[in-house]
Every structure is written in C-alpha cells, then in structure tokens.
Amino acid sequence: MALGVRAAPFTYVAHALAVAAAAMVLVWAIHFRGGLAIEATNKNLIFNVHPVLMLIGFIIIGSEAIMVYKVFPTLHHDTAKLIHLILHGIALVLGAVGIYFAFKNHNESGIANLYSLHSWIGIGTITLYGIQWIFGFVTFFFPGAAPNLRKSLLPWHILFGLFVYILALANAELGFLEKLTFLESGGLDKYGTEAFLVNFTALVVVLFGASVVISAITPARLEEPQGYAPIPES
C-alpha cells in the first residue's frame, strides 16, 4: 500500500539533521574533548578522530549515497548510479580509517581491542558494507550482470543495503552510549552540558537515520493511480 507521500520532504529533513549532527559531534570532539590529532601524547585526541569520521565520513556520506536517487530524481540513471557508487566508496574508506583510529588509540594507550559489543558490530558492519559495495560494483557497474539478473537482484541489493545502514546507525548509538558511560564512570557530570550534548547528538542521529530510510522507501514522485485521469480544463 502506497504511503501517498514523496521522498523530497524527508530528504530536506535528513539534510538539516545531518548538518546538526555533524556540528554537534565536532563541538563535542573539539570543544569538550580537546580536539583532533593523528599523532599526540594525549591519546584521547587520536580517539576523537573516530566518532567524527564514523558519523560524518561513514554514516552521513553513506546516507547521501542512499538518497542520491531521491534528491536528484531527474538525473540520468547512469550518472546517479556512478555518484551512488563513489559516495559509498568514500564512506567505506573513511569508515575504515575511523576504525583504524580507534585501534590506534587503544594500542598506544594499552587498552584491549575488540572487547565490546560496539566493536564487534562495528567490524561486522564495515565488512558487510564492503561486501555490499563490491557486489554492487560487479553486478550493476562493471562488468555488470545481465539485465534480467540485475532486475531480479536489485530489490535484494536495496534491502541488504538498508539492513547494513540500519546496523551502522544502531552501532553508532552503542558507541555514543559506551563512550558516555566510560566518561561518566571517570567523573563526568551525568547532568552536565557534555552529557546532554552526547545524548542529543545520538537522538539527532536516530531521527536523521529514520528520515533517510523513509526517503529511501518512498517514491521520488507520486504516480497517478491506475485508471485515474485529471479533470479536463474545458
């Protein structure tokens, strides 16, 4: 049953929330956590690169890849497909780099790796994302499967892509929760400004993800119902 709504309004909401989420995670990392660094004696600055890249580089750019067909519905299909592929590729690379910085922080701080549910799901998600990208490249781009096979595989490609995307969103929420719990156990005020910022950022990410998913499953334009004809002007 059709929802009777177009994707466009949800893409507008998603973009507004993406800007808000990006700004909030940068304020958290730079203002409250001290900034970002590739190399530093303060290993927390190295870790700060992780949430910034995972949210802005992985989730937000990946979301743009999902929405490209709905943001530009009149764009030539092959062009939209190429943009979709490139944006997902960028998101995959930045997500992998973001995970690298988490490992780098742990290794240089003497912290164990892969001990939490967040880390397990994170490795699984980036792996599935990579498999999805390779599958899409080989099937729909180069060398490309036969037209009938592409048509039959497309719904599964979309469904699996949304599953991986929702998994990434859920794991981002776990990451915010894990980090905030760790900070609060170290003395951070549970009702302080930073705690509220982290929780509100996580909430904005949930709303952002919901907007992206809804835009992905709603049509770019409303089609006239079968048998319907507009009232003639004369």
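Placement of Cβ uses the backbone N, Cα and C atoms for every residue, glycine included.
What TrEMBL annotates here:
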- 13-217: domain 'Cytochrome b561' (DOMAIN)
- 12-32: transmembrane segment (TRANSMEM)
- 52-72: transmembrane segment (TRANSMEM)
- 84-103: transmembrane segment (TRANSMEM)
- 115-142: transmembrane segment (TRANSMEM)
- 154-176: transmembrane segment (TRANSMEM)
- 196-217: transmembrane segment (TRANSMEM)
(request) Quick one: find which recorded stretch in 84-103, 154-176, 196-217 has the most Cβ pairs under 8 Å with the transmembrane segment (52-72). (result) 84-103
(request) Name the range, of those listed as 84-103, 115-142, 154-176, 196-217, that has the largest tally of Cβ pairs under 8 Å with the transmembrane segment (12-32). (result) 196-217
(request) Kindly state the mean pLDDT of the domain 'Cytochrome b561' (13-217) in the predicted structure. (result) 96
(request) Would you mind listing the long-range same-chain contacts of the transmembrane segment (196-217), meaning Cβ under 8 Å and 6+ residues beyond its ends? (result) 7, 10-11, 13-14, 17-18, 20-21, 24-25, 27-28, 32, 55, 59-60, 63, 66-67, 70, 158, 162, 165-166, 169, 172-173, 176-177, 179-180
(message) Checking distant contacts: for the transmembrane segment (154-176), what same-chain residues at least six beyond its ends satisfy Cβ-Cβ under 8 A?
(response) 51, 54-55, 58-59, 62-63, 66, 117-118, 121-122, 124-125, 128-129, 132, 135-136, 139-140, 198-199, 201-202, 205-206, 209, 212-213, 216-217
